[in-house]
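J.: If you scroll down you'll find the structure; I have some questions about it.
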Ligand SMILES: Nc1nc2c(ncn2[C@@H]2O[C@H](COP(=O)(O)OP(=O)(O)O)[C@@H](O)[C@H]2O)c(=O)[nH]1
Ligand SMILES: Nc1ncnc2c1ncn2[C@@H]1O[C@H](COP(=O)(O)OP(=O)(O)O)[C@@H](O)[C@H]1O
């Protein structure tokens, strides 16, 4: 069962995934997005170049630094951060409208972004940290992905400790040994969070009707 089958009107949630680069969050996010009804990706803006296969407007909105700063300075971002030598930001547009319509928004952002979203919308935020099984496996996955030159892989490994050191700030932690199992765990978290009483805003009316009819 997925949240799409839930009938009680509910408020959407902000589902944040963070991890050291290469742990598997993008893969897990796309599996969820492919199958979960009422879950959409917050497409971040970035000044980094597109990787082969990445689509502008779908994976990221690719901006020049000038365009990024213009958007940032006009209040266009809910949060933004400087990561691995590039700027990344979460567009403000329509996030809260989606939550009000019962649609969940998934964020693939780093610990800085997670902290900022928590500060502006704590009650809507659910934070999940994805850990790799080991450092060796993290490096193997970064190489296997074959999308970064050697110096970028080294930089990502060097930054892994800084990201991992924030693991205890998250509500849930998944050690990503096996993709199918991790996907199941992530889906279970999403379903449980969707069922939180305070998010099921239609409950009060349902219960009121029930009591009157009794
Ligand atoms: N704060 C923040 N971080 C972001 C945003 N978009 C992506 N990131 C993070 O930036 C880091 C680098 O992302 P990317 O270059 O796609 O490499 P990845 O680590 O392989 O996913 C990752 O930790 C992302 O989660 C954003 O809008 N805001
Ligand atoms: N549980 C897993 N077992 C083996 N390989 C995995 C697992 N999870 C992800 N991968 C692989 O590791 C690489 C990095 O995953 P990716 O989702 O791009 O990580 P991130 O978005 O966290 O940087 C990809 O090639 C992906 O297919």
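Placed from the backbone N, Cα and C atoms, the Cβ positions cover glycine too.
Here the structure is a predicted model, which means the values were calculated and not measured.
Found this in TrEMBL, in case it helps:
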DOMAIN    12-191  domain 'Guanylate kinase-like'
BINDING   19, 20, 21, 22, 23, 24, 25, 26  ATP binding site
J.: Less than 6 Å between Cβ and the nearest atom of ligand 2 is the rule; apply it to the binding-site residues 20, 22, 25.
T.: 22, 25
J.: Tell me, by DSSP, whether residue 23 (ATP binding site) is helix, strand or coil?
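T.: It is coil.
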J.: Which of these binding-site residues has the least crowded Cβ, counting other Cβ atoms within 10 Å: 19, 21, 26?
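T.: Selected from the binding-site residues 19, 21, 26 on minimum Cβ neighbours within 10 Å: 26.
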J.: For the ATP site (19, 20, 21, 22, 23, 24, 25, 26), what does the 8 A shell look like? I mean other same-chain residues with CB within 8 A of the CB centroid.
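T.: Residues close to the ATP site, other than 19, 20, 21, 22, 23, 24, 25, 26: 130, 132, 138, 141, 176.
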J.: Can you count the other CB atoms that lie within 10 A of the CB of residue 22 (ATP binding site)?
T.: 22
J.: Which ones in the same chain are close to residue 20 (ATP binding site), with CB under 8 Å and 6+ residues apart in sequence?
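T.: Those within reach of residue 20 (ATP binding site), by Cβ under 8 Å and sequence separation of 6 or more, are 131, 132, 138, 156, 159, 160, 163, 164.
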J.: Is any of 19, 20, 21, 24, 26 (binding-site residues) within Cβ reach of ligand 1, i.e. under 6 A, and which?
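T.: Only 21, 26 meet the Cβ criterion.
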J.: Near residue 24 (ATP binding site), which residues of its chain come within a Cβ-Cβ distance under 8 Å, counting only those 6 or more away in sequence?
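T.: Non-local contacts for residue 24 (ATP binding site): 130, 132, 141, 176, 179, 182.
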J.: Residue 25 (ATP binding site) has how many other Cβ neighbours within 10 Å of its own Cβ?
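T.: Other Cβ atoms found within 10 Å: 24.
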J.: List the residues of the same chain that sit at least 6 positions away from residue 23 (ATP binding site) in sequence and have their Cβ under 8 Å from its Cβ, in sequence order, or write 'none'.
T.: 130, 131, 132, 138, 141, 176
